[in-house]
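A.B. asks: Sharing a structure below in structure tokens format, with a few things to ask.
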Amino acid sequence: MQPNDITFFQRFQDDILAGRKTITIRDESESHFKTGDVLRVGRFEDDGYFCTIEVTATSTVTLDTLTEKHAEQENMTLTELKKVIADIYPGQTQFYVIEFKCL
């Protein structure tokens with residue numbers, strides 16, 4: 001079995017597969033992905049593979065510079081997005097936006 005390159009919480013799987021979630025915001029430990037990378041995607045909870053994505057763009061962002069567009073690309077409100085990011089990465093402020101499409 002091939003290892004997954006990136007994982008997402010299971011609660012995001014349906015939005016990714018439906019094309020409603022088209023970015024992910026990560027910390028420095030996952031800042032190495034580049035435009036054009038093709039990644040196997042698994043669920044964080046059980047590492048089960050569920051799709052393959054292609055990275056279409058990357059950029060940096062801070063918690064304070066997150067926008068409504070980021071929230072729309074994450075399929076949530078800006079308030080929800082800031083809370084999710086703060087819950088996943090407490091105390092951090094610098095993040096990496098990975099834009100992607102399902103293949």
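Count begins at 1; order follows the chain as displayed.
Cβ atoms here come from the backbone N, Cα and C positions, even for glycine.
If you look up Swiss-Prot, you'll see Lys21 marked as active site, proton acceptor, on the strength of sequence analysis. According to Swiss-Prot, the feature active site, nucleophile maps to Thr24. What Swiss-Prot records for Glu74 is active site, proton donor, and it gives sequence analysis as the kind of evidence. The domain 'ASCH' feature in Swiss-Prot is assigned to 6-101; the stated evidence is sequence analysis.
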A.B. asks: Long-range neighbours only, meaning 6 or more apart in sequence with Cβ under 8 Å: which ones does the residue listed as 'active site, nucleophile' have?
C.D. replies: Ile6, Phe8, Glu74, Val97, Ile98, Phe100
A.B. asks: With an 8 Å cut-off on Cβ-Cβ distance and a minimum sequence separation of at least 6, pull the same-chain contacts of Lys21 (active site, proton acceptor), or say none.
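C.D. replies: In sequence order, Phe12, Asp15, Gln73, Glu74, Asn75 meet the Cβ cut-off.
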A.B. asks: Specify the secondary structure state of Glu74 (active site, proton donor) as given by DSSP, simplified to three classes.
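C.D. replies: Going by the DSSP assignment, Glu74 (active site, proton donor) belongs to neither helix nor strand, so it counts as coil.
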A.B. asks: Can you work out the mean pLDDT of the predicted model over the domain 'ASCH' (6-101)?
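C.D. replies: Reported value for the domain 'ASCH' (6-101) is a mean pLDDT of 97.
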A.B. asks: Can you tell me the three-state DSSP label for the residue listed as 'active site, nucleophile'?
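C.D. replies: In the DSSP reduction, the residue listed as 'active site, nucleophile' maps to strand.
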A.B. asks: Run through the Cβ atoms and count how many others sit within 10 Å of the one on the residue listed as 'active site, proton donor'.
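C.D. replies: Neighbour count, Cβ to Cβ under the 10 Å cut-off: 23.
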